Amino acid sequence: MELQEVLRMNGGEGDTSYAKNSAYNQLVLAKVKPVLEQCVRELLRANLPNINKCIKVADLGCASGPNTLLTVRDIVQSIDKVGQEKKNELERPTIQIFLNDLFPNDFNSVFKLLPSFYRKLEKENGRKIGSCLIGAMPGSFYSRLFPEESMHFLHSCYCLQWLSQVPSGLVTESGISTNKGSIYSSKASRLPVQKAYLDQFTKDFTTFLRIHSEELFSHGRMLLTCICKGVELDARNAIDLLEMAINDLVVEGHLEEEKLDSFNLPVYIPSAEEVKCIVEEEGSFEILYLETFKVLYDAGFSIDDEHIKAEYVASSVRAVYEPILASHFGEAIIPDIFHRFAKHAAKVLPLGKGFYNNLIISLAKKPEKSDV
């Protein structure tokens, strides 16, 4: 099975769907919103081509479910808020928003929500139906999606940790895994494994910046939010807990060790410094803003029961990783993996050690020399 076929969230609206298990991401989006507003404010000051008539925006790696339109709502509200501040300087423009993700993404679950979303925009923002146009642009964000110099603003949240492929060099010539007992590049991984993952991330992120800089107008903006490394040595991110759960099944004899050793997630969690260095080395963008922050897995969860919280966290992580796990380990063992995941989560949550570190970075495309 091709990797792109399983790099998706759980679709539909069932109990294990991403639509029902993505409340954590809403907390991250709330943290991003003030930065988004400032990014839009700077964008509208830049006097880009045709921006007074139609602002062209894309959400790269939009996923599915209500969070997709929550991002769209935040973008529209930010544009309208800044436009109201400018009053006569800027008439309310049409907004054209492209939702991007891989072809297997459940776009239909988003499209079903559009009629009510448009009505809500009209009621709350005064935006008449037709003044905000939302469509899909399926495909990998590591490849060209739009014509040259056609976009004003690109947004992406919680996507850049996904690599275009599993790094090469994780298996020796004799077929032995160099990442035995692990499913990604963690702090405990061997240096060759860490290097292989960093090299793949550097290649992919450089490609991402180069391709999308070509799609943006000069002075166009890009706002990226991704998971990043923290300084806490004893913290446990969700992939660490997932790795521990799978290892439990190996120890208990429910899963062959070779099955674990042959599995590596196409995921890399960079440091803020690595992201910054790659942006500077690629050279197409100026860094306007960079911030790191952490959000506990159970933040915003009101029920004060560690086991219920742990099940909630397990369901959230399952909605993200089940398709790729099921393609390798089989669907039958998925409930067992996340039952053990919840047990590990219940141990770290009371200690405040279960969280994601996050990075927000705001970028502006540098002008061509001929534009200066």
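Using N, Cα and C of the backbone, Cβ positions are placed for all residues, glycine too.
Copied from Swiss-Prot, the annotated features are:
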BINDING   Y18, C62, N67, D101, L102, S140, F141, C157, C159  S-adenosyl-L-homocysteine binding site
BINDING   N21, N25, Y158, Q161, W162, S316, Y321, Y356  xanthosine binding site
BINDING   N179, D261, F263, N264  Mg(2+) binding site
SITE      H155  site 'Involved in substrate discrimination'
SITE      V267  site 'Involved in substrate discrimination'
SITE      E331  site 'Involved in substrate discrimination'
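Distribution of Swiss-Prot features across the structure.
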residue : record                                 : DSSP class
Y18     : S-adenosyl-L-homocysteine binding site : coil
L102    : S-adenosyl-L-homocysteine binding site : coil
F141    : S-adenosyl-L-homocysteine binding site : coil
Y158    : xanthosine binding site                : coil
N179    : Mg(2+) binding site                    : coil
F263    : Mg(2+) binding site                    : coil
Y321    : xanthosine binding site                : helix
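Most Cβ neighbours within 10 Å among the binding-site residues Y18, F141, Y158, F263, Y321: this distinction goes to Y18. The binding-site residues near S316 (xanthosine binding site), taking a 10 angstroms Cα-Cα threshold over the set Y18, F141, D261, N264, are Y18. Excluding N179, D261, F263, N264, which define the Mg(2+) site, the same chain contributes L170, S177, K180, S182, I183, L260, S262 within 8 Å (Cβ to the Cβ centroid), listed in sequence order. Considering only the recorded positions F141, N264, E331, N21 (xanthosine binding site) has E331 as its nearest partner by CA-CA distance. The shortest Cα-Cα distance between N67 (S-adenosyl-L-homocysteine binding site) and any of the recorded positions H155, Q161, W162, N264, Y321 is the one to H155.
When the binding-site residues N67, N179, N264, S316 are compared by the number of other C-beta atoms lying within 10 angstroms of their own C-beta, S316 comes out lowest. In the structure as shown, the Cβ atom of C159 (S-adenosyl-L-homocysteine binding site) sits within 10 Å of 19 other Cβ atoms. Of the listed recorded positions, namely D261, E331, the sparsest CB environment within 10 A is found at E331. Residue pair Y321 (xanthosine binding site) / C159 (S-adenosyl-L-homocysteine binding site) shows a Cα separation of 13 Å. Residues near L102 (S-adenosyl-L-homocysteine binding site) in space but far in sequence (CB under 8 A, at least 6 apart, same chain), listed by position: Q4, L7, R8, P138, G139, S140. In sequence order, C226, I227, V267, Y268, I269, P270 are the residues near Q161 (xanthosine binding site), counting only same-chain partners six or more apart with C-beta under 8 A. Note: the CA-CA distance between N25 (xanthosine binding site) and F141 (S-adenosyl-L-homocysteine binding site) rounds to 20 Å. Maximum intra-site Cα distance, S-adenosyl-L-homocysteine binding residues Y18, C62, N67, D101, L102, S140, F141, C157, C159: 20 Å. Nearest by CA distance to N179 (Mg(2+) binding site), out of the binding-site residues Y18, F141, C159, W162, Y356, is W162.
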